[in-house]
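Participant: Right, I'll just put the structure down here and ask away after.
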Amino acid sequence: RTIDGKAWTKVNADCGSTSFVVPDLVSGQEYFFRVRAENRFGVGPPAETIQRTTARDPIHPPDPPIKLKIGLVTKNTVSLTWKPPKNDGGAPVTHYNVECLRWDRTGEVKETWKQCNRRDVEETKFTVEDLVEGGEYEFRVKAVNIAGPSRPSATVGPLVVKDQTCPPSIELKEFMEVEEGTDIKIVAKIKGVPFPTLTWLKASPKKPDDKTPVVYDQHVNKIVGEDTCTLLIQQSRRSDTGLYTITAVNDLGTASKEMRLNVLGRPGPPVGPIKFESILADKMTISWLPPLDDGGSKITNYVIEKKEANRKTWVPVTNEPKECLFTVPKLMEGHEYVFRIMAQNKYGIGEPLDSEPETARNLFTVPGPCDKPTVSSITRDSMTVNWEEPEHDGGSPITGYWLERKETSGKRWTRVNRDPIKPMTLGVSYKVTGLIEGSEYQFRVSAINAAGVGPPSMPSDPAIARDPIAPPGPPVPKVTDWTKSSVDLEWTPPLKDGGSRVTGYIVEYKEEGKEDWERVGGELSQHLGTKFVVAGLKEGCFYKFRVRAVNAAGIGEPGEVTDIIEMKDRIVAPDINLDASVRDRIVVHAGGVIRIIAYVSGKPPPTVTWSRDDHALPEEAKIEETAISSSMVIKNCKRSHQGIYTLLAKNDGGERKKNIIVDVLDVPGPVGMPFLTENLTSDSCKLTWFSPEDDGGSPITNYIIEKRDSDHRAWTPVSCTVTRQNATVQGLTEGKAYFFRIAAENIIGMGPFTETTKEIVIRDPITVPDRPEDLEVKAVTKNSVTLTWNPPKYNGGADITMYVLESRLIGKDKF
């Protein structure tokens with residue numbers, strides 16, 4: 001039974017010996033035990049343990065400390081550092097003892113190991129003082145817990161105690177980049193004995209050799225520590241960008257290190273002046289140069305604003321330009337405008353550059369007329385019109401052309417193009433479509449510049465819309481299949497139909513070694529489609545094939561099959577192509593459908609077999625076959641259905657294999673046992689568990705913990721954001737007994753709960769009391785001794801229930 005319980009719990013059903021291991025105890029809990037003997041007449045009275053027993057792992061001294069190192073050495077001190085032991089022996093390390101051993105100049109030990117610290121050393125560092133200058137010493141450290149001191153660490157030394165000297169050295173990162181306004185700490189690690197004198201220098205990025213001392217003020221300050229020198233820059237500015245150099249000097253030498261600092265911020269103003277590349281009545285084109293300072297970040301765009309010269313309010317124009325050129329639209333003729341431009345990067349908008357006032361007005365006239373256009377490439381519904389640019393452009397570049405047409409029998413000109421036709425380097429041409437076959441047309445063209453549309457040209461010579469006709473070009477045939485007596489042909493229509501629709505095709509063949517081509521179906525036969533089967537050929541013979549297209553103008557040039565075909569049954573090795581819905585890897589949620597569709601081809605038709613992980617398919621798998629495909633389907637799939645599914649196709653031409661990886665995702669399995677409780681307090685306990693053996697195919701993202709009182713059935717959530725395999729449950733009630741259950745969760749959902757098998761009672765941990773104090777002998781007789789003592793200062797968290805007295809005879813070892 002537990003010390004605070006009254007009911008006894010039977011531990012075993014049967015025990016034939018006088019020893020027994022009691023399982024399923026709670027770590028840190030205190031227990032009493034009793035044993036009763038049994039014979040054929042019944043069970044005897046119990047024998048009960050007098051002292052309480054705490055269930056815990058045995059405690060022993062810790063392992064030795066590790067990585068003992070020597071730091072600073074002077075003429076009578078040595079600084080030591082070390083790491084805690086890997087194993088604390090089951091109890092926390094309370095302190096460390098540092099020991100030293102002095103050697104004689106002859107190399108012999110002058111003294112034994114002695115403790116150097118007068119008080120307990122609680123940190124993992126210590127400075128040994130009062131050493132003899134010039135003496136040669138070794139050092140070691142022991143860790144101590146409640147079970148006693150550890151074995152000593154590995155020793156360091158022998159070391160001659162004297163003042164150290166070493167030249168300066170510096171550790172400093174080479175580059176730092178921050179945003180403007182950020183406080184900057186440039187930290188340099190300094191070594192050197194004696195400690196060196198430190199100086200900071202700064203140079204401009206454009207003049208790295210021109211270094212000047214850093215001026216210290218409220219903005220920039222230097223802070224020197226025990227082994228560091230920090231340059232502190234508060235509220236950094238773009239002007240702080242530069243190459244910083246720290247120099248360390250002592251009696252043994254000099255060391256320097258450089259670091260490049262880049263402070264990023266808004267760009268500076270663009271470089272002016274703003275130039276007016278073009279001025280019109282309703283728009284102006286302006287240009288500028290990029291800013292000299294881009295703020296340390298790429299210029300993303302420019303912000304342009306405008307205002308009338310006699311007004312104060314700026315109006316946004318655009319923030320889209322990425323280049324240094326923009327046409328400002330929607331201006332009012334005769335009004336005077338001022339423009340300003342600001343560069344922008346990812347840190348903000350820079351200072352503006354203002355232009356001089358400029359008036360919106362036209363500076364040129366409309367262009368002159370073009371020469372008479374010409375017409376070419378005439379068909380039944382289209383013509384191509386060609387012309388040259390006008391001799392006079394009106395003082396402004398030609399930006400486009402309007403093209404007009406009319407039938408020669410009519411009087412009204414109709415515009416052909418919706419948008420202006422762009423000018424070209426050598427003349428301009430435009431294909432006019434939608435004409436009426438047999439009608440006669442004329443065309444004229446007008447040039448456009450910034451001032452408007454010029455006068456039209458002279459009309460072109462009349463031209464009639466009609467097609468020129470010629471025999472069609474050659475088709476492009478190929479052999480798609482063959483047997484021992486037939487060949488399957490297929491062809492694409494000719495690229496050029498000669499201006500007339502193709503009405504049919506002529507298929508011809510000849511046997512190898514002969515000169516004459518034979519027309520399939522007789523001298524007058526034609527075939528309408530683009531596929532044909534040539535039958536009745538001789539087995540074992542070799543043949544060539546060709547196809548001609550026919551239109552109203554006659555028979556076109558032949559298109560010939562390049563290969564010579566031997567008449568025999570065709571063997572094609574198997575080929576497997578997965579359906580577009582299938583990839584080399586399929587991910588399916590549990591309960592879904594695994595469906596793999598593959599298209600299988602080959603001659604003769606291949607035999608198809610399916611397997612999974614080189615074994616037979618699961619019983620739930622169904623195979624569906626068609627003339628061209630084979631499908632494997634598993635409905636309501638499970639995690640056990642995942643694996644590598646293999647489709648194997650075989651025929652006389654060979655075999656082909658295709659692997660498809662199938663992953664089935666599900667909720668995780670139950671978390672693993674056992675559940676361990678530790679760090680039990682009056683209002684909390686720590687739970688530890690093992691991750692599920694099956695994570696459901698997706699990483700565990702969370703653990704959900706619930707609790708319930710032992711006298712209730714309802715579960716209450718404790719936490720739903722636990723990512724490790726342990727958690728401390730807070731907010732429990734002292735003295736109450738609880739059950740806990742835990743479930744793992746992944747992206748699919750939450751797995752089943754695993755419940756603790758025993759209730760956990762919430763209370764502060766109880767330890768053994770301290771030793772009694774002030775033990776005295778009050779009276780002695782020939783066969784008795786009267787003793788008195790005071791209670792211990794600490795009762796271990798529970799009332800003292802009894803005292804145990806022990807004695808031993810002088811000269812004996814045991815009490």
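Each residue, glycine too, has its Cβ placed from N, Cα and C.
Just so you know, TrEMBL annotations never went through curation; they're auto-generated.
Taken from TrEMBL, the feature domain 'Fibronectin type-III' covers 1-57, 64-168, 270-363, 369-468, 471-570, 667-765, 771-815. The domain 'Ig-like' annotation in TrEMBL covers 167-262, 574-661.
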Participant: Take the domain 'Fibronectin type-III' (270-363) and count its residues per DSSP category (helix H/G/I, strand E/B, coil), listing them in that order.
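Facilitator: Counting residues per DSSP class in the domain 'Fibronectin type-III' (270-363), I get 0 helix, 50 strand, 44 coil.
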Participant: Work out, from DSSP, the number of helix, strand and coil residues along the domain 'Fibronectin type-III' (369-468).
Facilitator: 0 helix, 38 strand, 62 coil
Participant: By DSSP, how many residues in the domain 'Ig-like' (167-262) are helix, how many strand, and how many coil?
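Facilitator: Result for the domain 'Ig-like' (167-262), in helix, strand, coil order: 3 helix, 65 strand, 28 coil.
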Participant: Within the same chain, where does the domain 'Fibronectin type-III' (771-815) have neighbours whose Cβ lies under 8 angstroms from its own Cβ atoms, ignoring anything closer than 6 residues to its ends? I mean 6 or more beyond.
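Facilitator: Beyond its ends, the domain 'Fibronectin type-III' (771-815) has Cβ neighbours at 3, 30, 50-52, 764-765.
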